Amino acid sequence: MSKIKIQLIKLYSLTTLESLSLGGASWVALLAARGYSIAKIGVIEAIFHCVSLCGEIPSGLAADVLGRKRTMIASRVMSVLSAIAMIFSDSFWGIAVAVGMNALSYNMASGTREALAYDSLKKYNKEADYNKFASTEMMIYRIGSGLSTLFAGVALYLGYKKAYSIDISIGCLSILVALLLMDVTAYDAYKNESVTKRFKDCIVSSVCFLKKNPKAIMLIAINSLTGAIATLLLFFLQAKLPILGLHPNWLGPALFIMQLGAALGAKLVQYFSRTRFIKIIAISITGIIFALASLLFKNPYLTIIGGFIAAFSDDFMQVRADIILNDMIPSEQRATLVSVCSFAFSVVMIILSPLMGMLLDII
């Protein structure tokens, strides 16, 4: 088997392990079971997003300057430390630190994984295969995270200590996989330069790229806005579906079905590689509008179909946007600039969260 195929199998394996998080997928319910109020859980959620927002771009810089493999290993180590902290923390601030560590683990993987995959393929002149990788990788992640959500009841039955112990075991296995990755860096020619200078060069080059490429900025903006609307819709449906009449026992399966929509969208988009991106955008926006309209009928089953279509539309466009962006950006700043995309998404999420909440209350 060729080196690039082995590398991609390792990345797929890493994504599978990252997506399977019994405690992580049910952390809100587990905290509620420990006696935390909704208000305190809301504050902890805000802390997660603040840490994520602050750590997104620096983690991308670290991946580009210090190495993608090192950053992926650090991401997996941080996830294990977060799970350990969740087990042994009894105070509010202890939980907040654990959640912040979890946010940083996501930051370190975000952008780094994509950069490592694209530049690994580029090294063997197989950039065209990134389309297939991106769609398959996203499909794997959505199915895995969907399964984790589906087993939320199991996490509550086991209790937070056992649930997070399972996460620790999976996390340790993911560290071993990350250690086996082949690192690909564009900084070999500058290995004699100081780390400080390399950080500075990466920042300056990334800013210059964005200034000279308004198309990239527009791509990031459209992807962030559409993705945030779809993500928030699916998030609020967790509370909306029982109100519409869905039995609580069916909430987990309903959320899993909607996640399958995302997996399907991520997989199918690879067969639309010759379709203009403007058409991809139109398809996605139409799907999200239909999903919002489904709420007007006050029927939980029609709303589940709407959620499925929203999830499909989100990943259908997101994967294609990721491919286009990676084709545009230079290898030296790849992880940094992909992290800028994630940063923009977080900003839009913070702005739209209260607005979407008010809209869905009215509907």
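Including glycine, each Cβ sits where the backbone N, Cα and C put it.
Note that this is a predicted model, so its numbers are computed, not measured.
If you look up TrEMBL, you'll see 1-363 marked as domain 'Major facilitator superfamily (MFS) profile'.
Counting residues 6+ beyond its ends, the transmembrane segment (80-104) has Cβ neighbours under 8 Å at 23-24, 27, 31, 36, 40, 43-44, 47-49, 51-52, 55, 59, 160-161, 164-165, 167-168, 171-172, 175 in the same chain. What TrEMBL records for 80-104 (among others) is transmembrane segment.
Annotation source TrEMBL lists transmembrane segment at 140-160 (among others).
If you look at the transmembrane segment (166-190), the same-chain residues 6 or more away from its ends with a CB under 8 A from one of its CBs are 3, 6-7, 10-11, 13-14, 17-18, 20-24, 64-65, 67-70, 72-73, 75-77, 79-80, 83-84, 116, 119-120, 123, 158, 198, 201, 330-332, 334. Per TrEMBL, the feature transmembrane segment maps to 166-190 (among others).
What TrEMBL records for 216-238 (among others) is transmembrane segment.
As annotated by TrEMBL, transmembrane segment applies to 250-269 (among others).
Here TrEMBL flags 276-295 (among others) as transmembrane segment. Packing against the transmembrane segment (276-295) from elsewhere in the chain are residues 219, 222, 226, 229-230, 233, 240, 269, 302-303, 305-307, 309-310, 312-314, 316-317, 320-321, 324, 360, 363: each is 6 or more residues past its ends and has a CB under 8 Å from a CB in it.
Residues or ranges marked as transmembrane segment in TrEMBL: 337-360 (among others). Same-chain neighbours of the transmembrane segment (337-360): 49, 52-53, 56-57, 59-61, 63, 107, 110-111, 114-115, 206, 209-210, 216, 220-221, 223-225, 227-229, 231-233, 236, 240, 295, 321-322, 325-326, 329, counting only residues six or more beyond its ends whose CB sits under 8 Å from a CB of the stretch.
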